[in-house]
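Comments concern the structure below.
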Amino acid sequence: MADRQLSSASSSRRQKQPTDGAVGQFVIDKEIGKGSFAQVYSGRHKVTGALVAIKSVELSRLNKKLKENLYGEIKILKTLRHPHIVALHDCVESATHINLIMEYCELGDLSLFIKKREKLITHSATRDIARRYPIEHNQGLHEVITRHFLKQLASALKFLREGNFVHRDVKPQNLLLLPSPLFRETHHSAKQILSASYDSLMPAAGLPSLPMLKLADFGFARVLPSTSLAETLCGSPLYMAPEILRYERYDAKADLWSVGTVLYEMATGRPPFRAGNHVELLRKIEAAEDQVKFPRESVVSPELKSLVRALLKRNPVERISFADFFNHTVITGPIPNLHEDDLPKPEPQQVKETVRPEGSLSLSRRDSQRGKAATGVLSSPRPRPSSPLATPIEKPNPLEQVPGPRAGLSYSPAGDGLGITRRPAVQPSTSAPARPVMYVDRSRANSTASQRPPRESIVPDPSQTLASQPRPKSRPTKPLTEEEKAAQDVALERDYIFIDKKGVEVNALADQISMYPQSVPKSGQIVRRATQQGHPTSTTGAVSARNNHLRQGSYDKPLSSSPGSTTSAISKAIQDASLRLFGFNVAPHLLSKGQSPPQIYSPFPAYPTPSAPAGLISDGKHTTPVDEDSRVAQCIEDWATRSDVVYGFAEVKYKQLVPLAPSMDYGLGGVPADKMEEEDGLTLEATVSLSEEALVLYVKALSLLAKSMDIASLWWTRKSRSDNSNSIHSAARDSVNSQALALKINRVVQWIRSRFNEVLEKAEIVRLKLIEAQKQLPEDHPSHPSNHQTEVSSVTGAEGVILSPGISAEKLMYDRAVEMSRTAAINEIASEDLPGCEIFYSTAIRMLEAVLDSDDDHLPKRRISTSSRDEKAEAAVREDTSEMSSEDKQSIQKMIQMVKARLANLQKKMLAISRAQQQQQQDIISVRRRSGEMAPRSVPV
C-alpha cells in the first residue's frame, strides 16, 4: 500500500491511531494510506515481528449502509483463502473502531506500479524486472509483465466465481503487489510478512520472478449466483461497466468489463475511457461503439488486443463469458518472449510423483504450481485434506466454510508457505563468498528465527510430516566428498530450516537487546532454536546449517590464487609506503599469513552461556558491573568505528560501480535517467577491478561488524544471567548509570544491525556485478571464468567468485591508510585544513587497527581439551593460518603509534591555535569595552 500524506483538512481525530499503539496481538507503526472512511496502518505481530496492514475504520463516521458493507467485507474475507486475494488475519473491534488485520503488500497498488513504470529500475525489488523487461517511453508495461498480472487476476476471479462472488470494484487501486517470491526468498532486505496460510505467499499462476498480485477491498463484494442480477451503483466510475453506469440490473460479467479496463491500462499506460463523472464516461463508452483503439506508440500483441476488445463490450450478453475468459489462450497458454532466466526448466516430475509418500500431496501441489508458474499455466487441482486455512481448490461454497477461532493467524515459519525447504548441498568454504543455494525467505528468518513458536503450536498440516520422512532420490548426483557426506548426515539429523545464519544472529540479538531495559529477559540465554553453526557461503551471509558438535575442519583460503606473488606485491607496497612516510621498512613477510576476506563472520561463538568474562572485555581485575558495561560499550564502539572506516572506503568503490546506490528513499521513482548512464564509462577491466576491491572491503567490514555483535552477545548473556540471579551487584545493576550504559549499548547494536544488513545487500550487488563483468571479458583474459574451472568446480551448487591475484582487503586498507596519513602530514606542514588532517589521521589509525584484526582477538581463550585431537588440530590450524606473527603485529603497531603521535601533536597545535584565537577575541572585546566606557552614556549604570 503506497504511502500517502495526510490531508491538511483531516481532523485530529482522524489522524489519531485507533488505540494506544496496539490492536490485539499487533503493534501499530505508521499510517501508509487512507480511504474515505478508513485509515490504513502498517503493523507488526508482537511475538514474531511479521508485518501486517491494519485497516482501521471509525464507526462514528459510518451510516447504516456503510456499516453493512463493512461487516459484509469482514464476513467475505473470513471465508476467502487464496494466494491472489488479500487475506484477513483477524478482526478486532473496540467501542470506536473496527480494525481489520490484513496481509501487508509492500509494493503498493497496481496504479502506482503503472505510474512509476519507467522508474522501476530504482527499487531493489523491481530492479531485475526492469532490466529483463525494459519499458519504452510512453508505453505501458512490458507484455510479459502484463500477461503475468492478468494470469494472477484471472486466478483470483476464478476462485470468486466458484463461490458465486462478484467483486464489483476491480480497479488498479485494489490490486496490491508483493515482491516476487524469488526476491523474498533470496534477499535479506525483503520484509517479513505474516502469511495467512501455508500457500498464501506462493503464486498459483504467473512467474515466480515477477511481483505477486493480490485482489483487495471487498467492501462492495457480494454473493451473486450466476442467475441473479444486482442493481446497486457501486465501484469506481472510471472502471465501471456501462450497465452499472446506466443503473441497469447487472450480473457478475460487470467484473469482466473492469478486468478489460485494467488490462488496457496495463498494456498502454492509460485507461481506455477518461471522464470527469459517470455521465460523461457513459457517453464516451457509447460513442466508441465497441471500437477499442490502442495508441500508436503502444506495442500490444494481436492476441492481447483481441482479448481486451472481447472484454470491453457494452452489451454484457456480447461480452466474453467467464468460461471463455478463463480458457483463453492468454490465460492458459505460456507467456511468450520470456527472458532466459524465466524460461521453464524441465524437471523429472513423474519420477518424483511415483515415489512421493501419500502424506505429501500439499508439497506436490506446490512443486506443480512452481513448475507451471514458469509457463503461466494455472495449476491443476489436486485432492488433499481440507483445512480452513488452505486455499480451496475444489469448487466450494465460501459461505459454508467456517474458519477456526484463530485461523487467520496461521504463520509459516519457512517463509514460502509450507514451513519446509529443500536442503541444499553442503558447500565448502572458498576464497570468496558464493551464491546461496537455499530457497528461503531470508527476511523472515532474520528477525523471527530466535522467536519461532514451538512446532506443537502450529496448526497441523500434512506437509509437516515431510520434515522427518526420508526424501527419495529423484535423480542421480555426482559422488560427494567425505566431508560433504558427513556434513549432510549431521544436517539431516536436525528438523530445522536452512537460514541466513549470521544475519539471523545479528538481527535476533539486536531484537533481544532492544527490549532491554523495558522488560527484563526471563532467560539467561539468547534463544536460537533455528540457528546453527556452519560455513560461510556468500556475501549475503547465507550458511549451511549443521549441528553444533560438528567442528569446522577447513578454513577459507586466501583470496589470491598465487600466494607467493601476492605476498611479494603486498610486502613491496608496504615497504615502499613505510619508507616514504615514516622512514623505516616493515617486515617483508607482513600479512603473509592473513586472510582477505577473513573467515567471514566466523560462526557465532559456540558459547551461548560463557562461564567467564571475555578476554577483551575483562582485564582480570575485580570491578563493578558498571565499569564492565563501560568497557563493553567502548569496545563495541571501537570495533564498530573500525568497520565504519572500512565501509566508507568500500563505498568509494561502490559509488563508482553504481553511481546511484539503491535506496528506498526514491521508492519507485525519482532517479534521473541521465545518472543511470554514468556507469557506461567504465571499461570491463575497470568494472572487474572495482568490483573485486569493493567486495573484499565489504566482507572485511562485515567481519568487523560481526565481532562487535560477538562482544555484545557475551555482554547480553552475562547481563541476562545476572538479571535472573540474586547477585551482590543487584543494586549496582539497577543504578541509573548502568541503565544509561545499557541504553547506549542498545543504540550502538541497533546501528550495527542496520549497517550489517545494508552491507550484506551491497556486497551481493557487487558480487553479481563482478560475475557479470567477468563473463563479458575475452576468454583469454585471466579473470574470465573459463580460466578458473578448477576453482569454480569446487563450489558445490553455487556460482563461485574468483578474484584476481593480489587483491586483498588488508593491502587496500594499508595503502589507503598510508595515503591518508601522507596527505594529512603534507597539509599539516602547510597548516592547511587542520580539521581535515585530524580526520585523516584518525581514519588511518582505525584502518590500520582493522588491518591488525584477528578472528579471535575479542573472544575468550578457550582451553584445548587434551582428549580431543580435533580441537587440538583446529587450534593449531587457526594459529598457523589466521593470526599474524608477533613481528608483523609489532610493525603495524609501531606504525599506529607513530600516526597517533602525529595526531596528538596536531591536536595540541589546533588547541594552541584555538586558545590564541580566543585570547585575541577577548582582547578585542576588552578594547571595545574600554572604548565604550569613555563614551557618554544615555542610560545610568
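Using the three backbone atoms N, Cα and C, a Cβ is placed for every residue, glycine included.
Not measured: the values here are computed from a predicted model.
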Report task. Could you tell me which of the ranges 1-21, 778-798 is annotated in Swiss-Prot as region 'Disordered'? Result -> 1-21
Requested in this report: Do me a favour and check the Cα-Cα span between Val40 (ATP binding site) and Asp169 (active site, proton acceptor); whole Å is fine.
Outcome: 19
Query raised in the report: What mean pLDDT does the predicted model reach across the domain 'Protein kinase' (26-331)?
Result: 85
Query - Number of other Cβ atoms within 10 Å of the Cβ of Asp169 (active site, proton acceptor) across all protein chains - result: 22
**Report entry** Spatial separation of Asp169 (active site, proton acceptor) from Ala38 (ATP binding site) - C-alpha basis, Å
**Finding:** 17
Query - Integer Cα-Cα distance in angstrom, Asp169 (active site, proton acceptor) to Lys34 (ATP binding site) - result: 17
Report summary line: Simplified to three states, DSSP reports Asp169 (active site, proton acceptor) as coil
